[in-house]
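Database features (Swiss-Prot):
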- G384, P385, S386, G387, S388, G389, K390, T391: ATP binding site (BINDING)
- 36-318: domain 'ABC transmembrane type-1' (DOMAIN)
- 350-588: domain 'ABC transporter' (DOMAIN)
- 35-55: transmembrane segment (TRANSMEM)
- 64-84: transmembrane segment (TRANSMEM)
- 135-155: transmembrane segment (TRANSMEM)
- 161-181: transmembrane segment (TRANSMEM)
- 262-282: transmembrane segment (TRANSMEM)
- 289-309: transmembrane segment (TRANSMEM)
Amino acid sequence: MASGANVTDNKQQTPQESDTLKRVWAYLKPEKRNFVLAIIAMGLVAASEGIIPKVVNDLLDKGFGGSYAGKLWHVPALLVGVALVRGLAQFASGYLLSQISNGVLLKMRMQMFDRMLHAPALFFHRNTAASLINAVIFEVNQVMQILTGVLITLVRDSLTVVALLIYLFYTNWKLTLVVAVLLPAIGFVMSKVNRRLRRLNREHQALTNTAAYVVEESVGGFKVVKLHGGEAYEMSRFEAMAERLRGYSMRMAVAGGLNQPVTAFLASLALSVILTIAMIQAQGNQTTIGGFTGFVMAMLLLISPLKHLADLNQPLQRGLTAAEMIFGLIDEPIEPQNGGLPLERARGDLVFDNVGFRYGDAARAALNHVSLRAAPGEVVALVGPSGSGKTTLVNLVPRFFDPTEGHILLDGQPIDRFALADLRRQIAFVSQDVVLFNDTVAANVAYGVHPREKIDMARVERALAAAYLTDVVKGLPEGLETNIGDNGMKLSGGQRQRLAIARAIYKDAPILILDEATSALDSESERQVQAALESLMVGRTTLVIAHRLSTIENADRIVVLEQGRVAEQGSHAELIGKNGLYAGLHRIQFASQA
């Protein structure tokens with residue numbers, strides 16, 4: 001049973017919280033000016049909190065029959081002014097922080113996508129499409145939303161707490177010390193809950209990716225699901241994942257929910273102690289009615305920001321967990337570039353010299369001591385039973401993987417001496433698994449043209465003509481500018497295959513790799529595609545993987561692979577005459593067609 005993979009490697013050591021926060025801060029540093037302005041704005045909001053109890057204090061002590069009685073109109077004017085400044089400051093801080101977070105979001109998302117594009121092939125074997133889409137599109141957005149919310153609460157409410165504490169010390173320092181004693185107790189409780197919450201968040205995220213992969217499999221394979229009556233099985237799979245997610249969510253709710261009631265209890269305890277001390281002070285004329293009322297009001301105003309700060313723990317841990325995933329992708333090593341030897345256009349002399357390859361920790365090597373040569377312009381067919389190493393061998397040519405033994409030479413030079421981009425410019429690839437993009441016909445044919453360069457439309461038309469697609473394209477609503485839909489869904493199977501061939505023709509690379517390019521087509525489509533392939537192969541070194549042996553009988557040479565080794569090679573006639581593995585495969589295939 002396949003399961004979703006996380007974009008971070010679980011075997012790696014978990015980053016420390018401080019390390020993750022430092023990395024997030026590194027993205028915020030270029031926005032230091034806006035950040036400082038936002039803090040100033042939030043400072044004004046916090047200062048406004050401390051003004052209110054001071055006004056109440058003076059009003060009670062001086063306003064009612066006291067020296068302040070004739071100036072009571074100042075109070076509403078002051079409150080209106082405070083509200084106006086507070087509102088403007090809140091808007092300014094929100095706008096500035098949104099500008100910062102959206103800038104960081106753009107930078108992170110671009111870095112993630114760039115790293116994903118340049119990751120080695122093994123990375124895509126290790127991670128599912130669902131987990132990568134989740135990371136690039138959703139997780140990075142969640143990180144910025146959560147961390148921005150956390151940042152606003154942390155700065156604004158911390159400043160509010162500071163402003164109110166200053167007022168409290170100014171009003172009655174003895175009572176304030178009681179509050180100060182209880183604050184570390186709140187911090188201690190938060191630190192205890194913190195570690196468990198972070199672990200639960202990390203496990204919840206990994207499970208979310210697995211659930212997304214189940215959905216991806218069900219959607220991508222809907223035909224198989226329906227034909228085989230797999231709805232109940234898929235439902236049970238998804239239900240199991242959903243139940244586990246619910247369990248983790250409840251455990252997180254329990255762990256996170258402890259913060260608020262404990263904080264509220266400690267705050268109530270503090271208030272009870274303060275009331276007791278205040279009553280003792282009142283008996284000794286150490287406080288006034290206004291002073292005590294202002295102090296209690298400031299205390300009550302202090303509870304809300306303290307509660308907000310206590311509740312920060314759960315979203316902060318969720319944001320840090322998602323940030324770890326994002327940084328795991330950003331830190332993913334790119335493909336090894338190796339040498340920088342330039343390569344304009346190769347002759348196409350391709351040599352496999354004692355090549356071996358093993359996938360990771362696999363028990364058996366996929367290739368063993370493979371030696372063969374494809375001369376410039378030669379068509380070499382690779383045949384053999386499933387699992388014999390045909391696809392692995394051709395995947396080594398564009399360096400999707402590097403051999404674990406031996407060397408591959410192009411025009412006499414090991415391919416890892418060439419600049420990777422230059423090497424891949426020499427290779428065109430047409431597979432049975434056609435990949436087309438949700439774009440126009442022209443953009444698909446000229447795929448890989450730099451965005452700043454203009455597509456050569458005349459060259460596109462020539463490529464389409466060589467692929468026998470001119471009439472098809474003329475029949476489309478907007479011709480070359482017609483959008484072909486997701487993976488070319490607006491075209492038939494044969495048309496999609498020929499469009500992939502047109503893309504290879506447009507590229508005009510000296511080396512061509514054909515991987516079962518006609519295996520999934522009907523007879524008429526195969527005839528058209530085969531004709532297009534024949535025009536494509538002219539003058540190019542071609543490696544052809546084929547199960548249907550009738551399609552490669554005219555190859556210059558046929559190489560038969562068995563269990564990762566070259567079993568035999570020669571022309572079709574020579575191999576039939578040897579009466580070996582190829583002749584046996586040929587007999588079986590043609591007997592089944594008779």
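A Cβ is built for glycine as well, from the same backbone N, Cα and C atoms used for every other residue.
Here the domain 'ABC transporter' (350-588) has a mean pLDDT of 89 out of 100. Taking all protein chains in view, 14 other C-beta atoms sit within 10 angstroms of the C-beta of P385 (ATP binding site).
Taking the Cβ of S388 (ATP binding site) as reference, residues of its chain lying under 8 Å away and at least six apart in sequence are, in sequence order, L561, E562, Q563, G564. Over all protein chains present, the Cβ of G389 (ATP binding site) has 22 other Cβ atoms lying within 10 Å.
According to DSSP, T391 (ATP binding site) sits within a helical segment. Within 10 Å of its Cβ, the residue among the binding-site residues S386, T391 with the fewest other Cβ atoms is S386.
Listed in sequence order, the residues L561, E562 complete the 8 Å Cβ shell around the ATP site centroid, once G384, P385, S386, G387, S388, G389, K390, T391 themselves are left out.
If you count neighbouring Cβ atoms within 10 Å for each of the binding-site residues G384, G387, the highest count belongs to G384. Remark: K390 (ATP binding site) has L382, V383, G384, I545, L561 as non-local neighbours, by Cβ distance under 8 Å and separation of at least 6 in sequence.
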